[in-house]
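Enquirer: First the structure, then my questions, so here it is.
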């Protein structure tokens, strides 16, 4: 935003400011922000670099940023300590399943709240927003009792079903749908289109950025969730990569920090790749259509 | 929030209903449509949010422990919540955490969004993606990386700070610094998400508004207070609500980093719920505590809606 960056003395219109590409202050600004970014990224950098360090260097004083000797020993160790391939598959099943179901169910409910003016819709919205405030730890005991009565402990159903719809997603999408212009869907309604058709052919295609944003949000949150898979899976082969990693630091797990960082890097990699693939469209399309 | 809202009539009726009351022949079909859209989500939320809340409320009036038949104990659990010194301390800690976390996260996220949104910054896409990265790191992993960086013996951050004459010591073992440290890790983990939401809001503001402000001779700060801030008010409301809820429910990073210590300085309400519910199996008391947290959170968000209400047309219209 030009607000912070541009001193008053600069040319008075935005078009002319673009001509100042060669402005040397631009690169001072860039260098300063690069330093800030490096400082903010230090924990990620340390995970990546420590994962390739031999144990002797991980605990050495004085500490160094880069490994002197690069090694893959930490990665070999993590696959021999844990059923790592299986854990990665479980993480994809759990986080992917929750994402798909929640996107479908949340968008349907959000459409009803944003577009189908019905009696009690405002109260329902307030109840849904209020339920956002419920810490999930508060209901974990009754949810666990319910899931175990259904015989769903250690199954994907038990992991996914309780999260197949969520108040945050409904609220988030409803806010987005409300901001979309109604001219198009009104025109379609006048032409006799059903609400389902308006939803599918007009609102959803215009809501791709919001769905992408929410989808990434859901996937990342569930991939990274720790308490949920710990509670609903007692069988280590049903655990996720995040809950599996805690076994390394848990009781009796005196695991070198280098191995832990290798596991952390592998847990992070799919999310980082996924985000880098879609980030341009993700952020830019959000900006062009608007996001609450 | 958008310009669309400004031109939209306050109360919209679909064309079918414009001609008067809902036509009888459309009424059943319309109701069925509404139910069809809402049912899947409401069934899930009913079974896994609403029912567990009722179940937890019942538990809160009993001495349930997971074994034997729970007995009704009236308000005993609630009395304990407000008289137990440890619980009162954890409430204070939670308030402190929320007061430190919410404004810090929002200011950091907004400042970074403003810088990245500046057309003068080269390689904006690179910064945008890089700074979002912490959000996709799990709290457990983030906590692990931070404790390694802050380690008093082998921590790189500690070593570098000492080189420039700053001694922070063992921050996670220092009762006055443990809470700020836990907050720093939480802010680090979440600023990327709030930043992306602010960026989207900023890019939605029409440049014509800035051009007009500039023609009127408004400087950088004036343009921020008169154009950016009002145009962002709905985005800010949204971020404040989400950040505050996250702060009051803080658990993971504290569990991993300090376990509530040292000397209970980072013990929060949810830490206490976890301890009494899953460790001590004092289900009745844990449920009462959950309800108190729930009510405090609801009151806070109600205040917030009243405060922001006039501007947030989305909720009111």
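Glycine is no exception: its Cβ is also placed from the backbone N, Cα and C atoms.
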Enquirer: Which one of these stretches, B:210-230, B:231-251, shows up in TrEMBL as transmembrane segment?
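Expert: Result: B:231-251 is the stretch TrEMBL calls transmembrane segment.
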Enquirer: TrEMBL lists transmembrane segment for one of the ranges B:129-149, B:150-170, B:255-275; which is that range?
Expert: B:129-149
Enquirer: Give the nonlocal contacts of the transmembrane segment (B:129-149) in its own chain as ranges (CB under 8 Å, at least six residues past its ends).
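Expert: Tertiary neighbours of the transmembrane segment (B:129-149) are 112, 116, 155-158, 172, 181, 184-186, 188-193, 195-196, 252-253, 256-257.
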Enquirer: Short question: which residues 6 or more past the ends of the transmembrane segment (B:182-202) have a Cβ under 8 Å from it?
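Expert: Same-chain contacts beyond the flanks: 1, 97, 100-101, 104-106, 108-110, 112-114, 116-117, 128, 131-137, 139, 142-143, 146, 228, 231-232, 234-235, 238-239, 242-243, 246-247, 250, 253-254, 257-258, 266.
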